[in-house]
């Protein structure tokens with residue numbers, strides 16, 4: 001289009017910025033006013049104009065830009081050009097700058113002065129509140145992913161517009177100022193200092209970071225001299241030591257794994273008190289929630305330690321996969337997040353092999369499975385046409401299904417081939433952008449396998465298959481259909497990498513199943529079938545992202561194999577998880593699921609038992625609605641099942657115990673408390689009362705505190721609130737975020753609806769940071785779901801004004817999804833009809849679908865003729 005024909009109108013309502021001008025370098029100066037919660041700034045952008053134009057169009061949001069503060073100087077020109085008009089388009093978050101003259105093709109410098117507010121929304125350039133010597137103070141922090149750099153300075157705020165950044169900050173002289181690169185020079189002028197940072201390599205805007213506040217740090221160096229620091233609030237630096245150790249090891253490991261050195265001279269990691277996500281991988285300056293970075297030897301639990309290790313590894317993986325090689329557009333977000341999730345487990349397994357993290361990884365797959373079994377799921381590669389849609393795809397599909405299909409592919413291609421091909425991919429696309437197809441091409445070239453064909457069915461369409469298996473005349477008959485939790489028939493078809501073993505792991509079969517149906521002649525099958533202990537397991541060690549449904553004969557054989565401890569931990573997990581999902585979808589009876597649970601009575605592996613517990617609690621919630629008269633019997637069966645484990649592991653750690661024992665102890669005791677087990681509740685209350693008097697008592701170590709708090713809340717009601725008040729007192733007194741989160745996660749587990757309501761109100765008080773509301777919401781117990789839904793409707797206007805992004809979607813999903821009747825589903829549909837904006841549309845749809853699925857499960861359970869007898873029978877038999 002000729003420059004003369006351009007008009008401002010054509011740039012409105014577009015998903016992407018026009019391509020006729022691109023930034024090459026930003027000289028950015030920011031002056032934050034910490035007390036006044038505002039900032040001013042100026043940016044000089046070297047712009048490459050590639051086609052004649054009278055317009056420059058870039059992103060800006062919530063910034064004040066006056067036309068007098070904008071000018072453009074073509075390279076080599078005498079005179080700068082002043083715009084005829086500067087239009088701010090808030091709904092598109094763009095700035096349209098119109099000149100009377102046509103800008104010549106080539107480089108020029110665009111200068112813009114601007115002002116903004118240090119907001120309290122945890123995105124853009126924002127303020128976070130902390131205490132120093134008993135006084136509340138503001139720090140200035142940035143959070144730009146996915147599209148909020150535009151809230152700090154005008155820029156081309158899309159991942160493919162990579163540029164160099166030279167940053168200068170003017171800040172109070174006593175503060176610490178950090179950015180992506182090391183400081184080159186500081187000039188102090190009385191109360192203010194100017195801090196000049198080294199130029200960055202070529203990078204995307206969403207990875208730029210700036211932080212100003214008062215901090216301490218701990219420091220170490222990698223073997224090749226990269227400086228690593230963990231910054232904390234003043235007085236908390238000792239809590240950064242564990243993360244520092246992990247970071248140093250991780251940088252060394254990834255340098256080897258990706259065959260490319262870490263590209264920057266330093267790595268800073270910092271804990272931010274108010275932080276919306278878990279962490280953010282800004283190049284060279286990674287920001288974290290306190291709970292994901294700090295570890296207190298005395299008061300943090302084993303689960304906290306694992307969380308820190310995995311999150312640090314995840315964020316540092318991004319320094320290569322995301323920062324050095326960046327997705328071309330948000331459609332390919334999964335490349336960033338799925339990959340970093342997968343490789344963070346690879347790192348954790350490398351440093352802590354005794355944690356069995358690859359078995360724990362199955363929890364990630366399960367979360368992906370649950371979301372992807374909804375009709376309202378989305379493909380891994382999802383079209384993004386508006387900036388408001390981006391936040392919602394930071395979900396279990398991009399992270400967890402993404403990680404699971406990468407693991408499936410690595411397992412199919414082999415670890416070595418996979419690693420070499422990745423290194424080639426990173427080398428080829430370093431300092432630029434890539435699409436999903438580029439990764440497939442690199443893996444195809446390295447392996448000689450048809451990776452693109454194999455993977456298209458997993459990333460371009462939503463959902464996943466269930467493979468139905470029957471044994472007939474010495475042949476395995478297999479059929480694949482799309483699995484949906486609603487029990488409906490989906491239409492998808494996949495190229496499924498099948499692995500199977502028969503009677504032992506010594507011989508495995510592998511093949512691609514890409515038809516609808518296939519018969520498989522297993523040469524050793526007839527021989528194997530004659531054995532008394534015959535069994536067949538598909539999806540060996542659960543490396544594939546699909547479910548398996550066995551005919552009755554094969555299912556009972558697997559139950560035997562579990563009882564006889566013939567299956568690996570991952571396979572024991574998989575059989576249970578698949579059976580539970582099939583039961584929920586109405587494809588199997590609840591009775592057979594309960595019989596299967598009984599087969600795990602000698603289970604030894606933490607992750608498998610945690611899955612048994614999770615499944616059991618979810619059955620309890622459903623039976624409470626479907627067959628309340630049988631609830632007591634069901635709880636008795638589950639308590640009788642779990643009690644021997646609890647007696648064995650006890651409340652107190654024994655010498656020689658490991659990390660997984662600590663995780664199991666907390667999970668097991670919490671479950672018994674939730675089931676109303678009196679002995680557990682009484683012991684918890686006894687220990688808690690001692691803890692209230694003496695916070696240093698060894699009787700309530702961090703690993704069992706959550707269990708004790710949940711148990712305590714089972715004793716609370718509106719006329720006896722002592723336990724609740726004691727917990728609130730501890731909450732207010734502790735300055736350890738992990739302790740605060742433990743308490744928040746327990747408060748709403750109370751069976752009294754009035755108390756649940758009070759805890760929800762407390763969550764919106766200034767006592768609870770906005771970011772932490774999700775922990776309280778997740779902790780709402782079975783008795784509180786309807787109260788929480790009524791409460792959400794009443795408070796919706798306030799909540800939707802106060803919370804944004806992922807936090808707002810959490811309010812919807814955690815409150816709506818657990819409801820279990822069609823009436824509730826109708827109510828939610830009606831309520832959100834007039835209240836759904838683009839940023840929550842997907843979540844609302846998915847949550848209401850979950851309610852429908854729950855209601856259907858309740859109905860199919862009610863219809864099970866012999867359920868009452870079975871509940872009676874199992875509660876006596878075991």
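Any Cβ shown, glycine's included, is placed from N, Cα and C.
Among 290, 297, 337, the residue that Swiss-Prot places alongside 314, 318 at the Zn(2+) binding site is 337. Residues 278, 279, 280, 281, 282 are given by Swiss-Prot as substrate binders; from 145, 158, 392, 416, that same site also lists 145. For residue 318 (Zn(2+) binding site) paired with residue 145 (substrate binding site), the C-alpha to C-alpha distance reads 13 Å. Rounded to a whole number, the distance between the Cα atoms of residue 315 (active site, proton acceptor) and residue 278 (substrate binding site) is 10 Å. Cα-Cα distance from residue 145 (substrate binding site) to residue 337 (Zn(2+) binding site): 12 Å (rounded to the nearest whole number). Ranking the recorded positions 314, 315, 399 by the distance of their Cα atoms from the Cα of residue 281 (substrate binding site) places 315 first. All protein chains considered, the CB of residue 399 (site 'Transition state stabilizer') has 24 other CB atoms within 10 Å. Residues listed for substrate, 145, 278, 279, 280, 281, 282, cover a largest CA to CA span of 13 Å.
Across the fold, the C-alpha of residue 282 (substrate binding site) and the C-alpha of residue 337 (Zn(2+) binding site) stand 14 Å from each other.
When DSSP labels each residue, the region 'Required for membrane association' (105-212) comes out as 6 helix, 63 strand, 39 coil, counted as helix, strand and coil in that order.
Look at residue 337 (Zn(2+) binding site): DSSP puts it in a helix.
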